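S.K.: There's a structure below that I have some questions on.
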Amino acid sequence: MPSKMAKPEKDYKGLKPFTPKVLLFITLVIAVAVLVQSGYDSGTQSISLDKLGKVLSFHRITYSLQELDLAAFLSGLSLISYAFVLGPLARMFPYKFDDALYLRRPFGVVGFWLLLLHSLYYSLFMYNVSGSVLFSDPSMLGTLLGLIALVILYLSGITSSERAMTKVGFYGWKKLHRTGYLGLAFLVLNILLINKYNITGPIVSPFSAIFLSLGTFAIFMRIIVWLVKKPPLLEDY
């Protein structure tokens, strides 16, 4: 009698990751990030459609760019978190989440580009590409962690092909991709440190905590899988 945990090998090559439903989901994530970040009014401590309208209409260009840049970071963090949590969930509940593993690529790719966009804006317009400022105050530690996280995620992204896995070897490739969870942890610490030590006050709205919790949940699930030592899936890394 076959084991209940056994599952036939799947072929994901024929699946198109960027389907209309996937693109709609990604768009909704970005829209929610813009709403809770750019629409948050610190005065009333609530979402203000009037403030959101001013940001989206670029009433004050610099301020609008800063708000939308933070929304890009939050949506990128959210998509990266979704990409990383699918592996552990598929290990714990293969019959429910194994079919969703192919979503890691579109979520990871779009999430990385959003984070890269945020990093470029932050470096060019906020700090004028000054390396010394990274060590000038405690909040800069968060910025440094964010840059390290971006490098880790970049390495994970450029090795997300079968050709790369063949060159590196499956186990080496798997270990490399698991460092992505370290990058995710650095992203969460990045915004927590900047939000805490920023001299002008918190830069993200309280409603944005949901995006941070997604990253924390993905890391927590990875730890749980490691502790219970669930047998790996062929598609998992």
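Each residue, glycine too, has its Cβ placed from N, Cα and C.
Below, the features straight out of TrEMBL:
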type     : residues : note
TRANSMEM : 21-40    : transmembrane segment
TRANSMEM : 70-90    : transmembrane segment
DOMAIN   : 77-187   : domain 'Ferric oxidoreductase'
TRANSMEM : 102-121  : transmembrane segment
TRANSMEM : 141-158  : transmembrane segment
TRANSMEM : 179-197  : transmembrane segment
TRANSMEM : 203-228  : transmembrane segment
S.K.: Between the transmembrane segment (203-228) and the transmembrane segment (21-40), are there three or more CB pairs that fall under 8 A, provided the residues in each pair are separated by 6 or more in sequence?
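M.R.: Between the transmembrane segment (203-228) and the transmembrane segment (21-40), which are separate recorded stretches, there is contact, as judged by 3 or more close Cβ pairs.
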S.K.: Which of 70-90, 179-197, 203-228 has the most Cβ pairs closer than 8 Å to the transmembrane segment (141-158)?
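M.R.: It is 179-197, which has the most Cβ pairs under 8 Å.
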S.K.: Near the transmembrane segment (179-197), which residues from the same chain, at least 6 beyond its ends, have a CB less than 8 A from one of its CBs?
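M.R.: Contacts with the transmembrane segment (179-197): 73, 77, 80-81, 84, 115, 137-139, 141-143, 145-146, 148-153, 155-156, 203-204, 212, 215-216, 218-219, 222.
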S.K.: Could you please provide the mean pLDDT value for the domain 'Ferric oxidoreductase' (77-187)?
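M.R.: A mean pLDDT of 81 is what the predicted model shows over the domain 'Ferric oxidoreductase' (77-187).
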S.K.: How do the residues of the domain 'Ferric oxidoreductase' (77-187) split into helix, strand and coil according to DSSP?
M.R.: 98 helix, 0 strand, 13 coil
